[in-house]
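Step one of this worksheet: look at the structure below.
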């Protein structure tokens, strides 16, 4: 984005902020109390204020005008502001002319001005002011006809011509009328412009809705108006005005405790309307986004933005603040109560930001510990951030206990802080284990189990903390004041933080226990079998000093296969089902009733092989890597008719003749005259290769 585009984007936001401020003022304005004040004042006899319903309608018209100003295109909005500036300049010219005429009437001097220094000074000052006004008006309206804005210079010309003072007053009134007529002519000539704009806007909106739908229209308006940035700038302006008003009326210095109270009360003052509350929501979202971006930049530098340029974070914290503010009726409270409730909500938002920071730091820290990167600066940044995430949540929980009376909401904040510290402890412990393994010459035995036990320990502690929170909430609901909102929070907290965590932990425990049982049920390869196999582990691609043999006669490291079985219950190579001893016994009892089981054991079927149909062959028949490298290659050429007939025969074999091997299939095809030796150019295979191909 170039400098011009950035300037246009800034103007697009800055020109729309007054419309949001006008909406906020109209929401604060109480029309009924306003008319009661007028009835007590001297303005009650003014005919303008005697039509209450007309003023009420003007109040709603103000809302409509604010929305129109908010949704106008940027070019038309800039023109409107320029016209408004021109009107202000004309009013300034009128004020200069009126003040000059009044000063001349008070002096009573009607002679030549060069004789009277004071009269000359008044004339020069008024003349310079009128020239500046005319020049600025011509620049704003982009016209060279400067005489259109010089009507207020007529009293000055009359005074230069020694016209009597009474006549100058009449000339000044004529200049005012002439300027007013010019303004009315301009308004009349542009009277249909709003109608034409509304007509064209309606036509464009109808086309967009017809082609893309309402959702696309809403997203387009959201992006064009830059709603988050617009409300954030609006709220920051309100907050700055509030701080300026406080310090401009205070002469004494403010203490640190007073500054904290001032900060909270200023935020509370800027949350009294729905528009200012939305501004605070978007401001918190951008602050959270900035903190998380700085966190990732601190850990990874500029590489953090190469893989994650969008950084769509921060909205969770803003939505959390909005939901809590709406549910608790934040904008309807008094300022002091609003500041107290807002402090609790901000604590919840800070706890959510800390949890998001941990979600960013955890994979980066663990990846840094597992890698061989020896940069001390990278490790220092990772460890220092983890230490901050360990200490700050604990300090925040301590401060909450010191300044607030304990209730269910505060207990949720404290539990969230404690859980964050526990997660950081687990991350640091695993990082230390990775670093110890890095400095050792040999890998640590059962490192995966150690990491699992560490994760399981702090997951169990998280579960216990969540369970304590639920127990406290239930006791407070039963013996204290019962509310629907509190019951909903307890139910949601119980489901997500207790039930789902318990279910996930139990499922992980069962998977690991089943994987351990499967590994124990597999035979361990001897040294002669490993030498005869002469291969590497297909999972880690390392030489095998120890291995287990699967039912499908594949060799793997016990630790590698156990990690694989944590994810899925199949062989990594052929994807046969690997079952435990109890499941194998069940499968064998079911397969004993099969009349063709013995034949299937000797001659495996063509096609997919299940685990119940696979038998452990003698290791001499299992093909090794050296044996396969010495075998000749196969050159198979099958015609279309033969391929079709093979499919039919396979379907026939699956119904009761599954004991036929590939050689018998070819013999049957040749006996029926449906296959010639030229069509099937298959070299003879050794028994072990044929067995491998069938599996």
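Including glycine, each Cβ sits where the backbone N, Cα and C put it.
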Annotated range (Swiss-Prot: transmembrane segment) out of 32-52, 53-73, 200-220 = 53-73
May I ask you to indicate which of 102-122, 123-143 is given in Swiss-Prot as transmembrane segment?
-> 123-143
When Swiss-Prot is consulted, the range among 533-558, 559-584, 585-610 described as region 'Disordered' turns out to be 585-610
Contact yes or no, the transmembrane segment (225-245) and the transmembrane segment (168-188), 3+ Cβ pairs under 8 Å, gap 6+ | no
Taking residues 6+ outside the transmembrane segment (384-404), which of them lie with a CB under 8 Å of any CB in it?
-> 295, 298-299, 344, 347, 350-351, 354, 357-358, 361, 365, 410, 413-414, 416-418, 420-421, 424-425, 427-428, 431
Long-range environment of the transmembrane segment (168-188) - Cβ separation under 8 angstroms, sequence gap at least 6 | 87, 90, 93-94, 97-98, 101, 104-105, 148, 151-155, 158-159
Residue counts (helix, strand, coil, in that order) that DSSP gives for the zinc finger (537-575) | 10 helix, 6 strand, 23 coil
